[in-house]
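If you look up TrEMBL, you'll see His20 marked as active site, proton donor. What TrEMBL lists as substrate binding site is Asp28, His106, Tyr128, Ala129, Asn130.
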Amino acid sequence: MKKGVLLNSDVSAVVSRLGHTDQIAICDAGLPIPAVTPRIDLALTQGVPTFLQVVGVVTQEMQVESAILAEEIVKHNPSLHEALLAQLTQLGQHQGNTISISYISHSAFKAQTEHSRAVIRSGECSPYANVILCSGVTF
């Protein structure tokens with residue numbers, strides 16, 4: 001059995017294959033996922049696992065350089081937005097870098113997921129609970 005925090009073999013495999021600037025999307029239960037993008041479905045039921053739980057576990061094994069959010073999260077899900085920013089700030093401090101955050105429209109976000117190495121679906125059922133994480137390097 002794997003000893004680390006990230007036990008899901010599909011997620012672990014995707015993270016281990018990331019190169020600099022490759023992207024992984026982590027989404028809520030409702031985001032449409034392009035047919036051409038690999039889907040890793042972790043959703044068990046509404047709210048399980050949460051979006052922030054998935055982000056937290058994935059980022060324990062992924063070096064993150066930047067993140068992309070839908071601009072609508074600021075207005076329509078401010079508490080989750082603030083919690084995500086805090087989590088990314090803490091991650092940046094742990095990694096020794098500043099994680100840049102950019103915002104695009106939700107429509108552009110959905111289109112951008114097509115370029116992700118995978119989309120990881122959580123059980124989150126709150127609006128705009130989605131992020132695209134861009135891989136950095138550890139050196």
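Glycine is no exception: its Cβ is also placed from the backbone N, Cα and C atoms.
Between the recorded positions His20, His106, the minimum number of other C-beta atoms within 10 Å of a residue's C-beta occurs at His20. One way to see the shell of the substrate site is to take the Cβ centroid of Asp28, His106, Tyr128, Ala129, Asn130; the remaining same-chain residues with a Cβ within 8 Å of it are Cys27, Gly30, Leu31, Ala70, Glu72, Ile73, Asn77, Phe109, Glu124, Ser126, Pro127. Each residue contributes its Cα atom, and for Ala129 (substrate binding site) and His20 (active site, proton donor) these two points are 24 Å apart.
Ranking the binding-site residues Asp28, His106, Tyr128, Asn130 by Cα distance from the residue listed as 'active site, proton donor' puts Asn130 first.
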